[in-house]
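Report on one structure; see the data block that follows.
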Amino acid sequence: MELTFLGTSAGLPSTTRNVTAIVLNPQNNRSGLWLFDCGEGTQHQMLRATATPGKIEKIFITHLHGDHIFGLPGLLCSRSMAGCETPLEIYGPKGIAEFVETTLRLSGSWTSYPLNVHEITEGQLLDDGELTVTAYPLTHPVECYGYRIEEQDKPGALDAARLKAAGVMPGPLFQQLKRGETVTLADGRTVCGADYLSAPRPGKKIAIFGDTGPTPQAVTLARDVDVMVHETTLEAAMAEKANGRGHSTTQQAAEVARDAGAKRLLMTHFSSRYSAEECQRLLAECQAIFPASELAEDFLTITV
């Protein structure tokens, strides 16, 4: 999987950062992309990335503050203007359906494709056999969620050398054996593919947080993930101000990553008060607690 950050600023865009939007490319022979939040200007950011509105098949909104949703109506209309006919699924908190319906109706807009809007609560939202998405409630002045995305475990590798030693030559039967099936050879012997497979490879796990102050749910959401994306709106010394507005500091995000056993922390949602140089100080605050902390930048793409 790949994550591309289209916007990493909190509240207001700056000259170097747009407001929140993250694209997930699930890959695994999939052509569609998933979008997490859609702040104002997200379409413009897409012009500088590999994503286009027509490639988006699912949108997950964390909460209804403007810096996370004001880009949504334009993106929906652009899909229609481009002649897109593929369905689009939107997931978000209560009110997202009214927001979408109202903005389209009052602007005289419509969609040329099936649009399905799901108002969510805590729990698993989907399981398509390859990926699951689960929503966790967070602490913010409005209803807000974080999303945990998990790949299914992948089959182990087939030990071709052992099979050859057993007299099984490469051929069409190998595909069945890779699936762990039992096959019958021409000489009447049966071979169980599961006996020649290595242990399953664990699927990747990602946690994408919406805006949040400290909450016990955070560690559960991020438990053992490969990548944790968490807001670091303000520096550690401004915890009272950050928490009072439903936000987190560098120190608090790093503590969640450490306590959850995450492998990487991607810091995002920076107050526009911080310059690029000052963000390095924020990074140092996180790394002092959780060394595998990284600054997200607009257009940064990481492989999970």
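Glycine too: its Cβ is placed from the backbone N, Cα and C atoms.
Per Swiss-Prot, the candidate among ASP127, ASP128, ASP195, ASP211 that belongs to the Zn(2+) 2 site alongside ASP67, HIS68, HIS269 is ASP211.
Listed in sequence order, the residues THR62, LEU64, HIS68, LEU138, PRO141, VAL142, CYS144, GLY210, THR212, GLY246 complete the 8 Å Cβ shell around the Zn(2+) 1 site centroid, once HIS63, HIS65, HIS140, ASP211 themselves are left out. Ranked by Cβ neighbours within 10 A across all protein chains shown, the recorded positions ASP67, ASP211 are led by ASP211. Geometry remark: ASP67 (active site, proton acceptor) versus HIS269 (Zn(2+) 2 binding site), CA distance 10 Å. Distance noted between the C-alpha atoms of ASP211 (Zn(2+) 1 binding site) and HIS68 (Zn(2+) 2 binding site) is 10 Å.
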